[in-house]
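Read through the structure below, which is laid out as structure tokens, and then see the notes.
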Amino acid sequence: MDQITNVSEYEAIAKKNLPKMVYDYYASGAEDQWTLKENLLAFSRILFRPRILIDVSTIDLSTTILGFKVSMPIMIAPTSMQKMAHPEGECATARAASAAGTIMTLSTLANSSIEEVASTGPGIRLFQLYVLKDRNLVTQLVRRAETAGYKAIVLTADTPRLGHREADIKNRFTMSPSLTLKNFENLDLGKIDETKDSGLASYIAGLIDRSLSWKDVKWLQTITTLPILIKGVITAEDARLCIQAGAAGIIVSNHGARQLDYVPATIMALEEVVKAAEGQIPVFLDGGVRRGTDVFKALALGASGVFIGRPVVFSLAAAGEAGVRKVLQMLRDELELTMALSGCCSLKEIRRDHIVAEWDAPRIAPRL
């Protein structure tokens with residue numbers, strides 16, 4: 001493990017360590033997996049315009065997210081069933097995030113409960129919510145998160161049905177009998193049964209409310225005082241509707257390319273959403289981040305921060321809590337170096353003119 005020099009190297013180790021069904025679940029996307037590849041490749045179509053002869057002897061990566069001071073604009077996205085990657089699962093991830101001084105988001109479909117993760121110690125944590133057919137259960141989950149000290153609800157809005165994930169179908173994906181979905185454990189909803197295709201798809205079909213709409217964002221605001229971030233936004237139209245609905249923030253996400261294939265990479269959708277938000281609420285990026293340079297590009301396009309998912313579960317599978325800590329540290333170090341070499345001493349100094357994207361119109365050099 002000492003020879004690992006970048007985040008992506010953990011995936012190869014995870015592939016060796018994990019059963020094929022589990023690795024494929026974490027790694028795969030929907031249908032042709034075009035968007036899965038694009039989430040990564042699109043970053044390569046953005047180049048830097050670094051400035052020189054700037055004193056970068058001190059670099060400050062700290063920022064404020066939802067009113068909370070964090071050490072860096074790199075946070076942990078909700079990723080389900082983390083005990084399939086490592087026995088300590090989400091609790092190990094929570095400890096790593098806390099040690100790094102950043103935010104962790106717990107999935108509704110976690111193998112560790114809301115309370116178990118809260119018991120790992122202090123930390124800024126968000127709770128990702130799927131709206132279920134049983135609204136009383138939704139209310140219970142939200143209130144448990146409030147009681148346990150979670151700071152916001154992350155509403156996943158792009159999953160009325162599960163995307164067509166062919167790897168899960170071929171593998172007949174199910175969860176090990178030794179694991180449960182802890183937040184549902186006492187409700188006869190904690191197990192994903194084996195089926196002739198994807199057990200997860202069948203489980204979600206029976207659980208998630210397909211009627212979820214904008215009025216339900218208003219409903220959520222009646223059952224909680226926590227801020228609500230809406231995850232799954234990739235268009236300006238929906239960004240404006242998020243603001244109208246009273247969302248506290250937007251997460252630009254295509255669900256790790258696991259829902260609708262042939263949607264844009266999140267980094268390509270980001271600027272459209274940022275412009276539509278007009279600075280009224282923060283916009284975050286989730287998807288495809290593997291380098292500190294990716295983080296810088298997202299910030300230059302207007303993101304207030306980024307969330308990482310697959311790098312967390314792959315590093316967790318490779319080295320447990322220590323792996324997640326190392327991923328966060330590597331991304332932090334790479335972002336700091338990118339800032340220094342671009343002439344930025346703080347996050348607020350990262351501007352749109354520090355990058356040029358392939359989709360930009362021809363640029364006229366600014367006058368000196």
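From the backbone N, Cα and C atoms, a Cβ is placed for every residue, glycine too.
From a predicted model like this one, the values you see are computed outputs, not experimental measurements.
Annotated features in TrEMBL:
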- His255: active site, proton acceptor (ACT_SITE)
- Tyr25, Arg165, His255: glyoxylate binding site (BINDING)
- Ser107, Gln128, Tyr130, Thr156, Lys231, Ser253, Arg258, Asp286, Gly287, Gly288, Val289, Arg290, Gly309, Arg310: FMN binding site (BINDING)
- 1-360: domain 'FMN hydroxy acid dehydrogenase' (DOMAIN)
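Recorded features from TrEMBL, shown on the structure.
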residue	record	Cβ neighbours (10 Å)
Tyr25	glyoxylate binding site	25
Ser107	FMN binding site	23
Tyr130	FMN binding site	20
Arg165	glyoxylate binding site	23
Lys231	FMN binding site	24
His255	active site, proton acceptor	24
Arg258	FMN binding site	22
Gly287	FMN binding site	31
Val289	FMN binding site	27
Gly309	FMN binding site	22
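Cα distances from Tyr25 (glyoxylate binding site) to the recorded positions His255, Arg258, Gly287, Gly309 are smallest for Arg258. Separation of the C-alpha atoms of Arg165 (glyoxylate binding site) and Ser107 (FMN binding site): 19 Å, rounded to the nearest whole number. Mean pLDDT for the domain 'FMN hydroxy acid dehydrogenase' (1-360) in this predicted model: 94.
The record assigns Ser107, Gln128, Tyr130, Thr156, Lys231, Ser253, Arg258, Asp286, Gly287, Gly288, Val289, Arg290, Gly309, Arg310 to the FMN binding site, and the maximum Cα to Cα distance across that set is 26 Å.
Other residues of the chain with a Cβ within 8 Å of the Cβ centroid of Tyr25, Arg165, His255, the glyoxylate site, are Ser28, Gly29, Ala30, Leu162, Gly163, Asp168, Leu200, Gly256, Arg258. The two recorded residues Gly287 (FMN binding site) and the residue listed as 'active site, proton acceptor' have their Cα atoms spaced 8 Å from each other.
Between the C-alpha atoms of Gly309 (FMN binding site) and His255 (active site, proton acceptor), the distance comes to 10 Å.
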